[in-house]
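Working notes, beginning with the structure itself.
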Amino acid sequence: MNFAGDFDLKEKQILEGHTDRVWNLAWKPASGVDGIPAVLASCSGDKTVRIWEQSPATGSFQCKAVLDETHTRTVRSCAWSPSGKLLATASFDATTAIWEHVGGDYECVSTLEGHENEVKCVSWNASGSLLATCGRDKSVWIWEVLPGNEFDCVSVLQGHTQDVKMVQWHPSMDILFSCSYDNSIKIWAEDGDNDDWHCVQTLDESNSGHTSSVWALSFNSDGDKMVTCSDDLTLKIWGADIMNMQSGDGNAPWLHLCTLSGYHDRTIFSVHWSRDGIIASGAADDAIRLFVENKDGLVDGPTYQLLLKKDKAHNMDVNSVKWSSMENGRLASASDDGTIKIWELVSLPGHDKLPL
Amino acid sequence: MTLGLINANPVVHAKKERVTRTEDLHNDVFKVFLDIRDPEHPYSLEQLSVLSEESITVDEKLGRILITFTPTIQHCSMATVIGLCLREKMKDYVPPHFKVDIKVAPGSHADEESVNKQLNDKERVAAALENPNLRQLVDECLYSNKSNEPLGTYASDPPPDQSLPKGPVVSSPRIIGGSEFCVESFRIQYEIIPAFDLIKESNVYS
């Protein structure tokens with residue numbers, strides 16, 4: 001996709017309701033297309049999760065459900081299963097709850113326990129057969145999804161030396177990525193098919209990695225690149241030879257491709273790579289920034305440029321930015337100010353939506 | 001291992017005569033800190049020279065505040081607790097868009113980098129303040145209004161929250177070494193420190 005010309009991020013709506021900071025967001029898969037209204041889940045320091053649905057008539061989002069009285073502390077992260085049938089929520093109360101939409105209401109159908117303290121993130125693999133969680137106890141847990149909403153822990157992965165902030169499955173392969181307060185990113189894969197998971201690679205300072213806590217990571221749509229963001233004020237782009245990964249022995253190393261520095265002057269909490277190649281970042285300076293690959297002349301590999309910076313996107317830190325998986329150009333952001341904002345990327349002049 | 005205070009004999013300074021200055025954010029912020037008491041002793045952080053007017057740097061244009069504080073000794077594991085107290089107090093007094101960074105004064109602590117990293121990681125700070133034991137200690141430092149009496153003995157204190165889980169806390173004062181502060185110290189060492197991954201300096205306790 002060629003991003004020539006000027007762009008702006010237009011604020012479409014402010015979603016209010018949470019009574020404490022909003023930590024994370026998740027767009028429901030397969031919603032916002034084919035006549036199915038778009039659905040967004042948000043989780044907060046107020047211990048609840050809210051489900052927002054777009055009205056087909058007015059186009060605005062309304063809060064359809066508040067998932068409360070389950071978590072007893074901050075809900076830090078939420079993730080929909082690939083089918084959209086289940087929502088997993090990770091909390092500082094050391095549990096992960098699984099919710100199902102049953103006849104108009106969301107019901108907690110399972111609670112995963114095991115972490116010694118705060119759970120910080122939860123992620124489903126591409127097929128929905130596995131779930132991963134991570135937390136301050138430095139461990140990463142892998143759970144198998146069984147019929148009847150049963151979850152079995154298949155592995156507890158030790159290796160990080162500090163608090164693990166995020167886990168994310170690769171978009172097409174069962175390879176797990178984690179990032180941590182110990183400044184490193186770890187890649188975990190299964191040896192054969194016998195639940196023997198181990199760390200196959202660590203990306204840290206010794207191989208051009210981050211020099212402070214890594215808060216988040218995101219893959220491009222092809223799955224051959226990922227972007228990571230950190231308290232060290234940089235974004236880093238990593239790449240792997242995907243053909244090599246898919247064939248036989250499975251493991252191709254991830255290599256540092258590019259570091260984006262000088263664009264952020266406070267911690268970057270969130271980063272998300274859209275289907276059409278735009279990287280969005282949310283940071284502690286209340287701004288949202290968008291980056292795209294610089295197509296003019298490859299130097300020593302890809303380079304990236306700032307597409308736009310939205311100053312004062314929120315009144316306080318931006319904790320999460322998520323592109324809609326179904327509609328190009330639609331972005332949601334969550335903040336310490338307790339609000340969620342829906343944005344539309346438009347090209348200037350004129351206010352036409354991006355071509356699909 | 002002695003169940004003693006981490007710093008049993010801090011140097012206490014007289015309260016400074018306050019020179020009236022034109023009201024500005026710097027003054028407002030400093031005034032807020034005047035009465036925060038030390039977690040271990042019935043003195044304010046100002047009296048123990050943990051904080052002074054020079055500790056606070058305000059950039060109103062950028063919307064940034066930097067607070068540097070000096071723990072009373074190099075291995076003070078109370079440093080993170082003091083930092084948490086500062087953060088919590090700031091919330092009510094500083095405009096929401098202001099960014100606050102809290103650090104120990106350079107060279108004043110053996111684990112300076114580690115303490116600074118924890119104090120400026122808002123996820124870690126948020127989780128720590130949700131821990132009931134740590135929360136209670138922070139509240140006592142911030143809201144106890146008789147600064148010359150030992151912690152936990154005020155008639156005017158809010159009643160302890162009965163719904164909070166009670167760990168292995170000594171419920172009646174146990175006099176060790178002639179001081180009720182040792183009770184607090186015991187609680188701090190066994191309950192609160194693990195909750196925040198504070199640095200445990202074994203040589204401090206030997």
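For all residues, glycine too, the Cβ spot is worked out from N, Cα and C.
Over in TrEMBL, the protein carries these features:
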REPEAT    A:15-53  repeat 'WD'
REPEAT    A:68-100  repeat 'WD'
REPEAT    A:112-145  repeat 'WD'
REPEAT    A:157-188  repeat 'WD'
REPEAT    A:207-238  repeat 'WD'
REPEAT    A:311-345  repeat 'WD'
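Regional average pLDDT for the repeat 'WD' (A:112-145) in the model is 98. Outside the repeat 'WD' (A:112-145), and at least 6 residues removed from its termini, the chain residues within Cβ reach (under 8 Å) are 73-74, 76-83, 88-98, 151-174, 176, 178, 180, 186, 188, 197. Helix, strand and coil counts from DSSP across the repeat 'WD' (A:68-100) read 0 helix, 17 strand, 16 coil.
Same-chain residues lying 6 or more positions outside the repeat 'WD' (A:207-238) and placing a CB less than 8 Å from one of its CB atoms are 165-166, 168, 170-173, 177, 179-185, 254-261, 263-273, 275-277, 279, 281, 291, 302, 304.
Sorting each residue of the repeat 'WD' (A:311-345) by its DSSP state yields 0 helix, 18 strand, 17 coil.
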